[in-house]
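Novice: The structure under discussion is supplied below as C-alpha cells; questions concerning it will follow.
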Amino acid sequence: MAEEKFLIHGGARLEGQIAVSGGKNAAVAIIPAALLGSSPSVIENLPDIEDVHVLIDMLRALGAKVEFSGSVMRVDPTTVDSYAPPARLAQKMRASYYLAPVLLGIFMRAEVPMPGGCNIGTRAIDQTVKGMTLLGAQVDTIGGVINVKSDSLVGAEVYLDCPSVGATVNTMLTAVSASGTTIIYNAAKEPHIVDLANFLNSMGARVMGAGTSIIRIRGGRPLHGSNYTIIPDQIETGTLMIAAAATGGDVIITGAIPTHMEALSAKLLEMGVYIREEDDLIHVRSNGRLRAISVKTQGYPGFPTDLQQPMTALLTVSAGSSVVTENIFDSRFKYVAELERMGARIRVIDNTAIIEGVERLVGTSVHATDLRAGAAMIVAGLLAEGETTISGVAHIDRGYEGLDRKLHSLGALIERVPE
Ligand code: EPZ
C-alpha cells in the first residue's frame, strides 16, 4: 500500500456532531476470545481499523471463517485447525499475543510470535507468563516465540505485580479454559477489561469483579458463540474532545460513555473548557486561551497514558507551565521533538515533561512516531498556524477509524494525500 500523509491547514474551528467508533482495545481482546466458542459469534460496533484487519487475517490463517462488513463481524471458530499464527501478521500488533491463551485452551498448546505494537517503551510480558504458568501452562519465550503448552489447566490465585492490561486479559482468557476458580489480584480495571468479561459471560463463562482490582473466574468450557456489541472507544472519544478544545470548537460527541471519560473531563474543566454530559453524548465547547495544568498518567480510572500525547499537544499553547508525568510507559515522550519543531517549548526530565505554553505553534513537516503520537500531531496541526504535514499515517490508521474523515466533517481542513 502506498504511504500516505495528512495535510492540515490549521486554525479551523471544529463544530458539529460526530459519532465515536467501537473500542480498539476491547475489539482486539474480544475477537480472539470468540475462538473459544463452540459455535459462531457475531460482534457488533467494531471499529474499521488496521489492527482489526490484521486480526481477521490471523484468524483466517488459523482456519476460522470470518466475515466483516460495516462494523459487524461474524467469527466461525469451528474450523480452526492451527495453533500457530503467522509471524508476519503477529508482529504487526500488540494484541496478537491474546491468541496464546485462546489457542492453549483449544489445543493445549500454542506458538505465537512475540507481539509488535507501538514503540513506547518496555513492554514486558513477565506477568502474562506468570499468570499462565500458575494456571498450569509451561511457557517458554526463547527464539522470539511464545511457546506454551499444558497437560491440564487448573485455576489458581494470581497476584499481578502491576495492573497490566495485557496480563489481566491473558490470565482471564487462560482461566476460562481451566478447571476450578482463578482469582486475579491487582487486575487492570480498564473499560475494555470489563467489556471482555461481559463478552465471555455472554458466551457462558463466569467472570466476576471485572472493573475492580479482584477478578474471580470460575473456569470450565465449553463456551458457546454469542451476539455482542462492544463499547465505544474511550481514547477516540478523548482525542475528539481534546481536538475540539484545541480549536476553540463546539462539538457534540455521540455514542460515547461519559463515565469512561471522567479523568479527561476533569482536566479539561480545570483548563477552562465547557463540558456537558448527557446519556451517551459529550458536549465540548471552548473559547479563549486555556489554562496550564498538571497531568499524571495512571491505570483506569486515572488519566489514561493513551491520551497523554494528544493532551500534551494541547498544553503547548495553554497559558502557563504544565507538568505531564508519564507513569505507565518509560519511553512515551519521543514525539515531543516533533512538537518542538512546531515551536513548542518542552523540557523532558526522565518521565516528566514540563511545558511552557507558547502563544502559537507554526505548521511544518512532522512524523507520527506511533499511534497516539499521531493523534498528538493532528491536534498540533489543527491548532497551529499555517500548514502541517504529518507522515507515518499508517500508525494512525492502525487505531483510529477514519479520524481524518471525522475531523473533516467537523470543519477541519485536513486532507489525506500520497507521500
Ligand atoms: C494496553 O497495552 C493497551 N493496548 C495500550 O494501548 C495501553 O497504552 C496500555 O494497555 C495501558 O493502558 C491494548 O490494549 C492492546 P500493560 P499493554 O500491560 O497491555 C508493564 C494504544 O495506544 N508490564 O498494561 O501492553 C509494561 O512494561 C495502546 O492504544 C510489565 O512490567 O499495557 C508497561 O510499562 C498503546 N510486565 C506497563 O506495565 C508485564 O507483564 C503497562 O503495560 C506487563 C506489563
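Note that the numbers count up from 1, one per residue, in the order the chain is shown.
The backbone N, Cα and C atoms fix where each Cβ goes, glycine too.
Note: TrEMBL annotation is automatic and uncurated.
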Novice: Figure out which of Asp57, Asp126, Asp306 sits with Arg94, Ile328 in the UDP-N-acetyl-alpha-D-glucosamine site per TrEMBL.
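Specialist: Of the residues offered, the record points to Asp306.
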Novice: Would you mind listing, in sequence order, the residues at least six apart from Lys24 (phosphoenolpyruvate binding site) in the same chain with a Cβ closer than 8 Å to its Cβ?
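Specialist: Listed in sequence order, they are Pro47, Ile49, Asp51, Val52, Asp233, Ile235, Glu236, Gly399.
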Novice: Just report the maximum Cα pair distance in Å for the recorded UDP-N-acetyl-alpha-D-glucosamine binders Arg94, Asp306, Ile328, no decimals.
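Specialist: Per the listed residues, the maximum Cα distance equals 16 Å.
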Novice: Tell me, how many other CB atoms lie within 10 A of the CB of Asp306 (UDP-N-acetyl-alpha-D-glucosamine binding site), whichever protein chain they belong to?
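Specialist: Other Cβ atoms within 10 Å of Asp306 (UDP-N-acetyl-alpha-D-glucosamine binding site): 25.
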Novice: Measure the Cβ-based neighbour count of Ile328 (UDP-N-acetyl-alpha-D-glucosamine binding site), defined as the other Cβ atoms within 10 Å of its Cβ.
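Specialist: Taking every protein chain into account, the count is 21.
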